[in-house]
Amino acid sequence: MEEAYLALGKKILEEGHFKEDRTGTGTYSLFGYQMRFDLAKGFPLLTTKRVPFGLIKSELLWFLKGDTNIRYLLERNNHIWDEWAFERYVKSADYQGPDMTDFGHRVLQDPAFAEQYKEEHQKFCDAILNDAEFAEKYGELGNIYGAQWRHWETKDGSFIDQLANVIEMIKTNPDSRRLIVSAWNPEDVPSMALPPCHTMFQFYVNEGKLSCQLYQRSADVFLGVPFNIASYALLTHLIAHETGLEVGEFVHTLGDAHLYQNHVEQMQEQLSREVRSFPTLVLNPDKASVFDFDMEDIKVEGYDPHPTIKAPIAV
C-alpha cells in the first residue's frame, strides 16, 4: 500500500507543474489525485523513512480535545505547530528581540541568523510552557481544526460538536450520506494562523466496516502527507473501535499536491528505498470513547522503517 504514496511522489517529479507559492519556496504540483489504503492490511505508517508516530498521536488527541493552543503540544514535546505561533508573536508589538522577518528562509541561508532564531524560538517555547498568560495570548492559533471539529460556532452563538454528532450518527444511522466533518469555515479562515489544509472528511459504513475519505486542499507531499495518512487512519481506527465496526479503507483525495523545490532530493532518496511491511496498530481495549484515549492507549507494533530523511518546513 505504501506504493500508492511513492507513486504520487514519482508522478510529481516526472509531471509536476512548477508554481510559485505563498511561502516563496516554489513547488512542483499536480491538481487532483487520489490514494487508497486498506486499513485491514496494516497501519499506513510509511516505512521508506521514519515517521514519528508520537507526534501524530499527540496532534490528533489535541484536535479531538478541541484545543487550538500549542501549550498542550509543547507539554508532549511536539513542535510541529511552533512556527505558526512564533510567527504571530514576532510580528506583535510585545516582541523586542532581533528581527525575525522571513525567518523560515533566512534560517536555511544564514548560520548566524539560525543561531539567533534557535535562541528566540527556545525562549518562546519556554514562555508558552511556564507563563499561562503568555500562552493564552501567543500559543493560540485561532479557530483551526480542533475548534471547527468540536466547537463550530453558529450564527445564534451556540456551538456544534461535529465529531460527536458524526460518531452518534454512525451508531444510529450508518447508511447516512451526511457523515461529514468540515474544518473549512470561511468566516474564521482570515483569523487562523494556518487555514486548514485537510479540510473535510466523510465516513462510509459497509458490511460492518468503517471507511473514511479525506479531501485535502493543499498537500505538502514530502513532509505533511505521511502525517495526514497516519493521522486519519488512526482517527478511523478510533471511531471504528467506539462504534463496534471493523476498519475498511482510508481514501485520500488531494487538491493541490505539491513537492517543495527544496524537498526534491529528499523525495528521490525516499523513492530509492525498499518498502517494508506496515506495522500493526494496538488500541487500549478498556477505553470506550474516542475522547477517552491518551498517548499511552495508542501504540504501533512491528514498525521497522528506514532512517529519517530531514527536510526544511515552509512557513
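Each residue, glycine too, has its Cβ placed from N, Cα and C.
Under the heading active site, nucleophile, Swiss-Prot lists Cys197. There are 18 other Cβ atoms within 10 Å of the Cβ belonging to Cys197 (active site, nucleophile).
Counting every protein chain shown, 19 other Cβ atoms lie within 10 Å of the Cβ of Ser218 (dUMP binding site). Sequence annotations record features per position, and here Swiss-Prot assigns dUMP binding site to Arg22, Arg177, Arg178, Arg217, Ser218, Ala219, Asp220, Asn228, His258, Leu259, Tyr260 based on sequence analysis.
Feature annotation from Swiss-Prot assigns (6R)-5,10-methylene-5,6,7,8-tetrahydrofolate binding site to Asp220, Ala314. DSSP assigns Ala314 ((6R)-5,10-methylene-5,6,7,8-tetrahydrofolate binding site) to coil in the three-state reduction, outside any helix or strand. Within 10 Å of the C-beta of Ala314 ((6R)-5,10-methylene-5,6,7,8-tetrahydrofolate binding site) we count 22 further C-beta atoms, all protein chains included.
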Of Arg22, Cys197, Ser218, which is closest to Ala314 ((6R)-5,10-methylene-5,6,7,8-tetrahydrofolate binding site) if I measure between C-alpha atoms? They're all recorded positions.
Arg22
At a 10 A cut-off on CB-CB distances, which of the binding-site residues Arg22, Arg178, His258 has the highest count?
His258
When you put Cys197 (active site, nucleophile) at the centre and draw a 10 Å sphere around its Cα, which of the binding-site residues Arg178, Ser218, Asp220, His258 have their Cα inside it?
Ser218, Asp220
